[in-house]
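Data block below; observations after.
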């Protein structure tokens, strides 16, 4: 009996490697786990729903976690690895949330399909489900990523910063093979995002050491943000990046950028650059139905492009047994 079980396990492993080799030459594919772990996507979805029902702010956390993963060494789950010098420990990644969601989903998957579903794929699926649960679009996620074995804090320098001008944002996105249009579309995820006062309060009181606020902030937003983040207030206080509909995945964020109501400097600067302003205007628009559908159509495409950045497939990387550490 033991010999039969071992033979079955070896056959399963051989088939999985064969499929991985095919994907390595053809790229990621939708339905990658259909034959080997058919309930994989449902298990991830169920896990995200459980956590979302308890705390809806986990949705932007999961979306940000996937973004931060893909911008450093590609979408390989390296941001999930814990350690003193790992990506997770970098200052740019302070405040990342959702690790427990991915860990729980992984434990559930390991119980039914051990060694099959990568942490990188779980993260990509969780990000999609987070958008869907907040009223945004859903999409088919190409799968087949393998988990990376390297995670270095220094790699986090590739991540965009809240104070980056458009020129720097553009270069950081271009380094990942992403366009200006992708930049604006993906930053639209801030429609459900939050940030800390410490990352934008300089815009409210002493912008560029002038003693005055950032002149691009509308007077209405300035008063509102100063009330939330007074000079001697809590720098870690959380503030919604979308002042109008912070819990809904919609186009309100782009209207805020257009009207001078963006919270982060990097977001507001998208209106001052000709190329990015055009994309913002397209999404902000005037006709609510058309603009909503347009963003809902473009965002999934941009997510698939980002989710394909420098992925590891085939014999590259590994399938981690625990997402927080290499095997």
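Backbone N, Cα and C atoms are what each Cβ position is placed from, and that goes for glycine too.
Per TrEMBL, the features are:
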SIGNAL    1-25  signal peptide
DOMAIN    27-327  domain 'Plant heme peroxidase family profile'
DISULFID  37-113  disulfide bond
SITE      64  site 'Transition state stabilizer'
DISULFID  70-75  disulfide bond
DISULFID  119-323  disulfide bond
BINDING   160  substrate binding site
BINDING   190  heme b binding site
BINDING   191, 242, 245, 250  Ca(2+) 2 binding site
DISULFID  197-229  disulfide bond
Candidate nearest residue 190 (heme b binding site) in space, where candidates are the recorded positions 113, 242, 245 and distance is Cα-Cα: 242
Cβ neighbours within the same chain of residue 229 (disulfide bond) - under 8 Å, at least six residues apart: 197, 200, 201, 204, 235, 237, 239
Integer Cα-Cα distance in angstrom, residue 323 (disulfide bond) to residue 245 (Ca(2+) 2 binding site): 33
Model confidence over the domain 'Plant heme peroxidase family profile' (27-327) (mean pLDDT, whole number): 95
Close in space, distant in sequence - residue 75 (disulfide bond), Cβ under 8 Å, 6 or more apart: 66, 69, 120, 123, 124, 145, 306, 307, 308, 309, 310, 311
Nearest of the recorded positions (119, 191, 250) to residue 160 (substrate binding site), judged by Cα-Cα distance: 191
For residue 119 (disulfide bond), nearby residues of its own chain (Cβ under 8 Å, 6 or more apart in sequence): 77, 80, 102, 106, 147, 320, 323
Residue 64 (site 'Transition state stabilizer') versus residue 191 (Ca(2+) 2 binding site) - Cα distance in angstrom: 12
All-chain count of other Cβ atoms within 10 Å of residue 250 (Ca(2+) 2 binding site): 22
For residue 245 (Ca(2+) 2 binding site), the number of other Cβ atoms found within 10 Å of its own Cβ: 16
Remaining residues near the recorded Ca(2+) 2 site, that is with C-beta within 8 Å of the centroid of the site residues 191, 242, 245, 250: 192, 244, 246, 247, 248, 249, 251, 252, 253
Rounded Cα-Cα span from residue 64 (site 'Transition state stabilizer') to residue 70 (disulfide bond), Å: 10
Which of 37, 70, 323, all disulfide-bonded residues, has a Cβ with the fewest other Cβ atoms inside 10 Å: 37
